[in-house]
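Asker: The following feature annotations were taken from TrEMBL:
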- 57-84: coiled coil (COILED)
- 279-289: compositional bias 'Acidic residues' (COMPBIAS)
- 301-311: compositional bias 'Basic and acidic residues' (COMPBIAS)
- 100-229: domain 'TFIID subunit TAF5 NTD2' (DOMAIN)
- 1-40: region 'Disordered' (REGION)
- 277-326: region 'Disordered' (REGION)
- 360-393: repeat 'WD' (REPEAT)
- 433-474: repeat 'WD' (REPEAT)
- 475-516: repeat 'WD' (REPEAT)
- 517-558: repeat 'WD' (REPEAT)
- 559-600: repeat 'WD' (REPEAT)
- 601-633: repeat 'WD' (REPEAT)
Amino acid sequence: MEYSMNQLPQAINSDAKTQSSENQNSEVASDNSAGQTLDSENVDSNTLAAVLQFLQKHNLKGTAEALKKEARLKEDQLRDAQALQVDSEATNLLSSYKSEGDPNAYEKAYLSYRRFVESSLDVYKHELSLVLYPLFVHMYLEMIYNNHEAEASKFMERFSIDQEDYYQEDLKKVSFITKKEHMKGSDLMENFKSSQFTVRMSRDTYSVLKRFLQDKNQSIVMNVIQEHLYVDMYEGVPRNKAQVESTAGAMEGEANRQVNKTKIYYGLLKEPDIQLSVVEEEEDGEPGEGGEKPKKKKPKKDPLLNKKAKSDPNAPPASRLPLPDLRDIDKLEKVRALREASKRVALGPDSLPSICFYTMLNCAETVTCVEFCEDSSLLAAGFSDSILKVWSLVPQKLRAMKPAEQLADIDKEAEDVLVRMMDDKTGETMKVLYGHCGPVYSASFSHDRTLLLSSSEDATIRLWSLQTWTCLVVYKGHIYPVWDVRFSPHGYYFSSVGHDRTARLWATDHHQPLRIFAGHYSDVDVVQFHPNSNYVATGSSDRSVRLWDCVSGNCVRLMTGHKGTVSALCFSTDGRFLASGGADQKVLLWDLAHGHLLADLPGHTMTISSLAFSRDGTVFATASLDGSIQLWDFFRMTDESSLEDVNISGHNPDLLKRSNVIESLRLARYPTKATPVMSLHFTRRNLLLAAGMFEG
């Protein structure tokens with residue numbers, strides 16, 4: 001019998017229940033027979049090892065010790081039994097690879113199915129061809145498992161070039177498995193065994209496939225499909241080549257539509273009611289303003305505040321995820337943001353944003369990440385030599401807090417106490433933060449600009465104070481390099497992703513993660529918080545994008561379509577859409593309501609490095625390591641997609657891939673001379689900031 005990875009604990013559990021009932025019977029027998037003990041020679045040591053593993057896993061130390069004592073099992077016997085148990089588990093995982101006797105039968109079966117696909121009607125051909133790649137891989141692994149190594153090598157060499165380009169890197173890793181022993185410790189084998197490759201096809205296409213398997217008596221092909229594939233059937237017309245290719249390419253196959261049927265709250269949280277007195281106080285406190293000007297501004301503020309207070313029908317309940325209470329300083333910051341919003345430039349095809357580009361000189365190949373803060377006043381950059389630098393982008397210099405003995409003399413009741421706490425003598429335009437012992441791969445500012453997060457190759461995340469310019473906390477949870485870290489838009493929470501294939505949700509006052517999001521099949525390279533902080537999006541080297549629920553910890557959206565590592569993510573301002581960019585030079589736009597792919601935006605010639613939506617949600621900016629920035633008409637893009645006509649129960653709608661439509665949506669393209677663009681950011685007034693390092 002075959003056990004998958006998630007079935008193994010249940011199997012051990014059932015063994016444990018059986019064995020525990022036997023132990024209870026033996027205890028009754030021992031009570032009735034005045035001290036008879038269980039003879040270890042009459043007990044299956046493998047079964048005992050399984051029970052002991054289960055007890056130790058659930059921290060039932062007393063019961064485990066009692067079982068050892070009663071069974072009189074020595075430590076060396078226990079170790080041997082546990083080793084046998086682990087080996088038997090590995091054997092169970094691979095037991096589905098049944099020997100067909102003749103190794104040449106695999107080549108004949110593969111050629112037979114390939115000819116069947118090529119001779120099929122065009123309407124079915126594209127969906128039937130999706131089976132070729134998983135069929136090829138599992139046939140190769142079956143041959144290796146059954147010790148047909150020479151034949152497997154010839155099979156790989158002959159047919160690997162037939163597979164799609166985006167699978168070639170995976171096939172190179174598969175080709176390194178040349179012996180049965182290599183299968184037990186391979187991460188790639190774990191991927192193939194812990195999940196089924198998903199192939200989406202219409203009911204008509206599946207009927208054609210079924211007839212072929214029955215008529216030709218294809219036992220090898222049938223075994224692979226039954227054991228290792230999940231056929232996700234839908235009612236409707238089979239997809240054309242463009243539709244099939246748009247969602248293919250991920251390591252686990254296409255997205256399972258069942259995952260994307262979970263209801264999600266993609267709307268924005270209701271803005272807190274800010275008292276008018278706070279606005280008035282902030283208005284009156286502005287130096288250099290006459291008494292008449294604040295009165296003229298107040299009527300403009302009130303409608304804006306009331307507009308923000310409207311609740312979104314798709315928003316999550318306010319109590320769904322605990323968020324920190326707003327402090328007075330946070331309310332004042334919101335007032336400043338509203339004032340900036342009132343001066344925002346309306347963007348569109350006839351009003352493109354101005355771009356301010358920050359070029360870093362004399363640091364080619366050493367800058368690893370660049371990040372702007374929310375109000376555009378600070379810029380942080382991580383370097384390959386383990387340091388982190390922060391620059392001020394406004395006239396105010398970066399100051400540190402006064403020493404403790406000087407802080408004691410400050411009047412804590414003074415209105416400008418926060419200003420008095422800072423030491424003007426320490427003012428600089430740039431600060432350097434030391435602490436990491438590996439390249440710094442990402443940085444993220446808190447919403448109030450008092451904290452900065454950074455992640456590194458040293459597998460740690462550091463929280464820095466931007467008032468004392470020191471490291472406050474070192475978070476240790478990942479065991480491999482941490483590729484990205486991101487603060488929640490509402491503060492307090494942050495998320496990280498790394499080489500250990502997991503994403504983690506943290507809180508600044510907890511040294512251990514609150515949630516661990518596991519499901520990707522390779523490195524998780526990029527993470528982004530949803531604007532309402534209830535969800536986290538991750539992009540991975542397994543070429544998929546996932547959306548995770550911070551409350552339940554479940555994956556609620558799985559989106560496939562990239563043909564390379566996903567390197568950039570960005571949510572739209574209304575929370576409905578998610579944009580992703582990758583090493584395949586593609587920018588894909590997703591509708592989170594149903595998990596559908598809406599658009600594929602071409603034009604870049606290298607890895608996509610950054611994405612950004614304008615503050616009013618009308619313009620979408622993309623940047624790449626090819627040194628160019630492109631602007632897109634996002635308002636018309638969503639309008640062209642006809643969101644209301646999306647067939648939720650069927651397959652993906654037609655994409656906006658026609659060249660004339662795409663070209664009409666592209667507003668502009670701005671190339672640099674020799675500067676790969678590393679970061680994009682729209683200011684509150686819709687000025688586009690960009691940064692990169694000069695490589696001339």
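Note that Cβ sites are derived from N, Cα and C of the backbone, with glycine treated the same way.
Curation does not apply to TrEMBL; its annotations are automatic.
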Asker: Summarise the model confidence on the repeat 'WD' (360-393) as a single mean pLDDT, whole number.
Answerer: 94
Asker: Given the cut-off of 8 Å on Cβ pairs that are 6 or more apart in sequence, determine whether the repeat 'WD' (433-474) and the repeat 'WD' (517-558) share at least 3 such pairs.
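Answerer: Answer no: the repeat 'WD' (433-474) and the repeat 'WD' (517-558) share fewer than 3 Cβ pairs below 8 Å.
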Asker: DSSP on the repeat 'WD' (475-516): how many residues come out helix, how many strand, how many coil?
Answerer: 0 helix, 22 strand, 20 coil
Asker: DSSP helix, strand and coil counts for the repeat 'WD' (559-600)?
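Answerer: DSSP composition of the repeat 'WD' (559-600): 0 helix, 24 strand, 18 coil.
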Asker: With DSSP, how much of the repeat 'WD' (601-633) is helix, how much strand and how much coil, in residues?
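Answerer: Counting residues per DSSP class in the repeat 'WD' (601-633), I get 0 helix, 19 strand, 14 coil.
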Asker: Sort out the residues at least 6 away from either end of the repeat 'WD' (360-393), same chain, that have Cβ-Cβ distances under 8 Å to it, and list them.
Answerer: 333, 336-337, 340, 429-445, 447, 449, 452, 454, 456, 458, 464, 466, 678-679, 681, 683-684, 687, 689, 691-695
Asker: Please spell out the DSSP helix, strand and coil residue counts for the repeat 'WD' (360-393).
Answerer: 0 helix, 18 strand, 16 coil
Asker: Write out how many residues of the domain 'TFIID subunit TAF5 NTD2' (100-229) are helix, how many strand and how many coil, based on DSSP.
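Answerer: Across the domain 'TFIID subunit TAF5 NTD2' (100-229), the residues distribute as 101 helix, 7 strand, 22 coil.
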Asker: What are the DSSP helix/strand/coil residue counts across the repeat 'WD' (517-558)?
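Answerer: Result for the repeat 'WD' (517-558), in helix, strand, coil order: 0 helix, 24 strand, 18 coil.
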